[in-house]
Amino acid sequence: MKKYIMALDQGTTSSRAILFDQEGKRVGSSQKEFTQFYPKAGWVEHDPMEIWGTQSGVAREVLETTGISTQDIAAIGITNQRETTIIWDKNTGKPIYNAIVWQCRRTAGICDELKAQGMETYIRENTGLVVDAYFSGTKVKWILDHVEGAREKAENGELLFGTVDSWLIWNLTRGKVHVTDYSNASRTMLYNIKELKWDEKILEALDIPKSMLPEVKASSEVYGHTDHQTFGGADIPIAGAAGDQQAALFGQACFQPGMAKNTYGTGCFMLMNTGEKFVPSENGLLTTLAWGVDGKVEYALEGSIFVAGAAVQWLRDELRIIRDAEDTEYLATKVADSNGVYVVPAFTGMGAPYWDMYARGAILGLTRGAKAEHIIRATLESIAYQTRDVLEAMQEDSGIELRSLKVDGGAVSNNFLMQFQADILGVQVDRPEIIETTALGAAYLAGLAVGFWRDKNEIANKWKVDTVFSPTMENTKKEKMYRGWKRAVNRALKWELEEE
């Protein structure tokens, strides 16, 4: 029997390949960062060829460094940065423009046009999403409108659109397969998550030819096999795909309605499983597809926070008050509190539950006694405050009061942040033994499709807690601090508009 599953984890800043064994333990990994392009203020792009180059490179590298043969790989699972939009030429396989990244705000104007056309309620009710530049739909329109000859080629059926999963599967199979999974499709703002099909009315409003779109498949099924030239002659099933946040929900074994996880990465993303029920949000959350597995499609509520770990990168790269992200834990604990300082990291607007494309970052409450450590501490605290904003909306929408929150992602190794998170939520925070849950979720989805794991019960039994953080902060103090945060956010909202 084959011994391993390979997860390809194509993130916003790096491409990773991780090998997991039958126990769900990591046996090897390889990672490579790639270039971020910022052609104008608020614009973010990647080079699709570099995405593919780094992703295929780390896949080969992890096999070399572990000495594991392609013959021992039972399947490949893919997880990816969602919403990021790639359009390529069907005949040459070459992109016609850079990938427009989920963080990119250039299509805010197209979103305003959709609202002016009265499409907002329709989109909300049928895709589960808000009209925002974050999602793929307006990015596709922008490329078709701005790349010379693109619209004509698209109408002639010569162009293909895909989120990153589609682009990787297309390249792994050398152009034989053009598919996506339910979870990724549900983030395009083009997919009707009630009827489970591409939405003609939205495609028409954005003037996007249906022939460009990938076929939507289950999150756990064999889509195709690696081409012989991709992996030195190997024929490995590509058997699972899910957007990064849905993959993390699966990797955390949140299989029952009401179970939730928060992933702390570049942004922060909290998802709650709502089972086979489309739960509309009245509180600025998204309703999204969690996954399609075992012939069933399940839904989730999601709160997307645009800037979390990215704020720590900003402290390091732009303000240069830390050398690396790990320093923040020590420096934050060198001061007793944030000295009344609040950081609102709205560098690319505010996500859930505010959805304000025109909010901008702010540091408030500064006095002459404010030190670098206070700003560092306030930056970490901002991640926890934003999480509370989302959790309150989620409890309101679902009618479920959360007893504990499962956490994952890079920043969960920061004990200060995790303890403050438990304190400000007033809820137990569970950090699992394996924090690579995004890649693990992709591995589980692929493994289920090829019989490497029996069923979801077997997977649920593998989930083990590493550390439990229990709330210790006194209630009056907690609420006072949170009120201060809400005041700070209100100052940052709609900032850009005030110029006009």
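Quick reminder: no glycine exception, Cβ is built from N, Cα and C everywhere.
Since we're looking at a predicted model, the values are computed, not measured.
Checking the candidates T12, T13, T35 against Swiss-Prot: the one annotated together with R82, E83, Y134, D244 at the sn-glycerol 3-phosphate site is T12.
Those residues noted as binding ATP (T12, T13, S14, T266, G309, Q313, G410) have their most widely separated CA atoms at a distance of 14 Å.
Recorded residues E83 (sn-glycerol 3-phosphate binding site) and R16 (ADP binding site) have their alpha carbons 19 Å apart, per Cα-Cα distance. DSSP assigns S14 (ATP binding site) to a strand segment in the three-state reduction.
In sequence order, Q81, T84, W102, R187, G243, F269, S304 are the same-chain residues whose CB sits within 8 A of the CB centroid of R82, E83, Y134, D244, Q245, the residues recorded for glycerol being left out.
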